[in-house]
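Beneath this line is the structure, given in structure tokens, with notes to follow.
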Amino acid sequence: MSILVKNNIHWVGQRDWEVRDFHGTEYKTLRGSSYNSYLIREEKNVLIDTVDHKFSREFVQNLRSEIDLADIDYIIINHAEEDHAGALTELMAQIPDTPIYCTANAIDSITGHHHHPEWNFNVVKTGDTLDIGNGKQLIFVETPMLHWPDSMMTYMTGDAVLFSNDAFGQHYCDERLFNDEVDQTELFEQCQRYYANILTPFSRLVTPKITEILGFNLPVDMIATSHGVVWRDNPTQIVELYLKWAADYQEDRITIFYDTMSNNTRMMADAIAQGINEVDPNVAVKIFNVARSDKNEILTNVFRSKGVLVGTSTMNNVMMPKIAGLVEEMTGLRFRNKRASAFGSHGWSGGAVDRLSTRLQDAGFEMSLSLKAKWRPDIDALELCRQHGRDIARQWALAPLPETNVKATTQEEECACAAAAAADLGPSMQCSVCQWIYDPAKGEPLQDVAPGTPWSDVPDNFLCPECSLGKDVFDVLATEAK
């Protein structure tokens with residue numbers, strides 16, 4: 001089976017309706033995928049890429065029905081990964097001397113996967129051309145680390161088609177090939193999901209590479225990707241989206257995700273979200289339980305967000321395994337221009353929230369104060385969670401927010417705060433390690449230190465909520481020192 005792309009270019013790839021895991025289990029392909037291979041018939045016959053190795057036999061059989069394999073003059077491999085070049089062994093068994101054009105790095109990868117160093121490799125670099133007859137040429141553009149070292153794109157003059165490799169693609173299987181034929185909302189979602197989960201680590205390379213390609217001043221009538229649709233209707237729309245996504249992208253959105261053992265951390269997540277929306281009803285807030293949610297949807301939402309709140313219960317003094325794994329993936333994705341805060345519940349001892357805060361900071365997030373609750377949050381602890389959400393909403397606001405008056409939850413709390421404010425409670429104290437501030441008027445309810453407790457009356461076993469160090473590391477807050 002083949003599909004006419006344009007003039008003498010046909011799609012000869014393979015749809016994969018059933019695939020649900022990609023790159024091991026790193027990427028959930030909930031809408032399947034396709035492996036796009038293209039056959040060009042000019043004076044010279046050119047095959048661009050193959051398909052995933054599991055479809056090798058079907059691919060060669062289908063290709064044979066389109067063309068005598070011996071008539072293929074050149075094979076172009078834009079990318080050596082197995083979902084692109086996987087059928088090479090099956091194909092080259094039939095036409096072993098056919099020239100293969102690829103980057104130098106691709107030769108290393110292809111021979112590493114297929115173990116045929118004797119194949120007729122021809123190295124190409126940016127700006128190299130290959131004459132295919134009828135006044136047309138292929139122009140090669142290296143795109144290293146988008147997303148492998150061997151990656152390149154191929155441009156066909158005359159027809160003005162850019163064979164873009166993984167860039168501008170999506171794991172999206174449909175019986176229709178072109179972007180104007182499919183559901184536009186689904187297509188946009190899958191494009192963004194693909195960029196967020198695969199190309200985000202290389203965003204710093206995207207803009208200069210697109211700028212380099214545009215600098216050739218070549219018309220682009222179509223973008224033929226390696227996965228998903230071919231962009232024939234306004235193909236530059238996806239290029240414009242990539243330029244936007246590569247520029248430290250964020251929306252007015254906050255993502256909250258958590259894992260919980262006894263529902264306590266979930267209660268905290270809900271209360272924090274309530275506090276955020278009290279202060280800023282316009283910010284989009286989405287909550288995920290990592291044990292019940294699609295991991296790649298969570299990461300896509302993190303990509304879209306200005307900030308993320310991550311919650312975990314404490315298990316053996318460390319964070320929950322699913323949270324640890326997801327934070328490790330976030331580290332690899334190298335998100336930029338994002339803020340973060342950790343929260344969670346614990347029992348007799350903690351540890352997870354501090355560990356999580358450190359990991360998020362190591363992942364490149366700008367950190368805000370964390371929040372902890374001991375055992376199941378009661379009405380007072382949940383109010384602290386809501387207040388944390390209010391504080392986060394103001395700290396992370398993209399524009400100044402109007403002041404709002406939030407009622408105290410109980411009359412007793414109002415009295416306590418008023419009394420604390422009126423009393424001479426002595427100075428606030430600041431942790432010399434993590435800079436957390438103890439305010440005597442507020443106390444530290446999570447350690448049973450009531451509002452209005454002077455520092456001298458704070459128990460000796462008090463621990464800094466942020467770094468878990470004792471009272472001896474605290475100094476008088478500099479602004480209050482006399």
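Just so it is clear, glycine is given a Cβ too, placed from its N, Cα and C backbone atoms.
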Of the candidates His115, His116, His227, which does Swiss-Prot annotate as part of the Fe cation 2 site that also includes Asp83, Asp166?
His227
Which is it, of Ala342, Ala352, Met367, Cys431, Cys464: the one of these binding-site residues whose Cβ has the most other Cβ atoms within 10 Å?
Ala342
Can you tell me how many other Cβ atoms are located within 10 Å of the Cβ belonging to Thr260 (FMN binding site)?
21
DSSP state at Asp362 (FMN binding site), helix/strand/coil:
helix
Neighbouring C-beta atoms (10 Å sphere around the C-beta of Ser357 (FMN binding site)):
23
For Ser357 (FMN binding site), the three-state class that DSSP assigns:
helix
Which are the residues of the chain, His79, Glu81, His147, Asp166 excluded, whose CB is within 8 A of where the CB atoms of the Fe cation 1 site average out, their centroid?
Asp83, His84, Leu146, Trp148, Ser151, Asn165, Ser226
I need the CA-to-CA distance for Asp362 (FMN binding site) versus Asp166 (Fe cation 1 binding site), whole Å please.
29
